[in-house]
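J.: Take this structure, written in structure tokens, and hold onto it; I'll ask about it next.
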């Protein structure tokens, strides 16, 4: 074939593609951008693995349409995330986006996502800003609102009669939300409130301050590798014998337990999900996750799984017509899917109204160090910001 | 109670400062003697940490990992010097910055290819993982004490090497006037290759010591490299004594700042300001320190040039 004829053929093919009339989508494209490198990578990997397990359970489809999941790394950096999101939105033209772990990245990426009229299904980050005044018809949280898990520990700590506590969180939006949530339900004395840079991994100085504060207990919100480092260093100072450590589910989940081991025993933590929850969807999810990846899932994995199931349910409800944004929005709001946390429903601000549980790190029957659900803290708990949200009735 | 807090923070500052010194010592000699800016210095720290973590995991012993990893990193350092860096000495600073920055990027990608993008776990030796009682009612992590011990020992060794040996004399001569040292018969090339090996080994020691405390991950060299540059600028370029003093100053100021600034802000401006502005101001404190030192002593505390 000569050079010219192949050129002509290419031109013809291109013209043929362009001439095709716009039809109903033949597949669902999901941009899964998450933190897959660095100290927060364990979280993103679990979200990714949970999401992909749900797609696998649905036979490689979402809502009956073949699913194409484009996985990208945000490198835990808002700048890198903005560029990657741009690529997913403009070049790959994804129909849904999901996967972001950290709230500062979520807030950086939200404007371009909403502008492009792409639905964002959060599999973790739930910043207060997006729950209140800046709520958006294109944002749905399949996880929680940032304050919620900390509110649950705050209530637990209060109920257990802790008089004086030291608080530690990273200096970023979710860190502020965390301690605000904790303080909403804890009424005792706060001996110390410290914020550390999000990339800080050495807590020597903070541990000295915690010891000096004279607190009876310490509450940390340190996701992923941060929490792993803190708990190891906490144990190596011997402080674990002097005061009780409380944490949200983030800092005492299976990833942290795997890395730290026995020193985790006895830590109480809160979550909207646990791997021992008794419902059919969860049993299948936990068993298959272990079979597929050889480890127990974390709450991040559960949220990733639910995010995919939420999309699956919505696409099914609109019969695959994902171009009809108003219909997709209605379908997402109805949230017709079986969640691994049992019941799942959205509030008016597109954040879930759900139960929160207390878990304890114990040794189970097989001798594994793992989480066990020991009680329920909140029934049908909504976030504190929904009242400030004026969700537009029409989808722009 | 506050006495113990100050003592504990002083130890924390000392530990952090000594680790910075291990990095800054090699960096300042390279900069001082060959007038060469090596941005890839932090990469050797990262590679050292990875090698030590890997060998420690494979052999099951932290100590074998440390010895093997330090030796292997020193070899890599020498190879790098002989093949690439050597060609950059005669070039201007801009070429050196560009060249070594390229090495930094390639090292990150190479590490990502070999070990993946997730952090590599590294455990501290079991014997050192608990606390040690130093005073009644005050215990301190054994591992951090161990780091302080190693840091002090290395500082002492380097001091003896630089001030009491013939090689040390040549090093000092090279740092204050390279042309004159060369004219007097010092083989600066050989001297420099061996210095580079020592500097690389020190990087690896720092990486291996900090590995269990922090995280062994891609890019870990960059943030600490900036601090190492701050240290040598404060201390005076080319001076080991300056590097030690600068490192201890930076370590203590950083640690103290993280404790005191939020407290100070809390008392002056209220808790809300302390929560938002405190951590931010604390993290820029060492740069304020650097600006202050350079204002009064533009050549650093112990300049070694002429």
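Backbone N, Cα and C define each Cβ position, glycine as well.
A TrEMBL annotation is a machine prediction, not a hand-curated record.
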J.: Which residue range, B:117-136, B:277-296, is the one TrEMBL calls transmembrane segment?
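T.: Here TrEMBL associates transmembrane segment with the stretch B:277-296.
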J.: The transmembrane segment (B:188-210) and the transmembrane segment (B:12-32): do they have three or more Cβ pairs under 8 Å, with pairs 6 or more apart in sequence?
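T.: In this chain the transmembrane segment (B:12-32) contacts the transmembrane segment (B:188-210) - 3 or more Cβ pairs sit under 8 Å.
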J.: Which sequence positions outside the transmembrane segment (B:188-210), separated from its termini by at least 6 residues, show Cβ-Cβ distances below 8 Å to it?
T.: 19, 22-23, 25-27, 29-30, 33-34, 41-42, 44-53, 65-66, 69-71, 73-74, 76-78, 81-82, 85-86, 147, 150-151, 154, 167, 170-171, 174, 178, 181-182, 216, 220
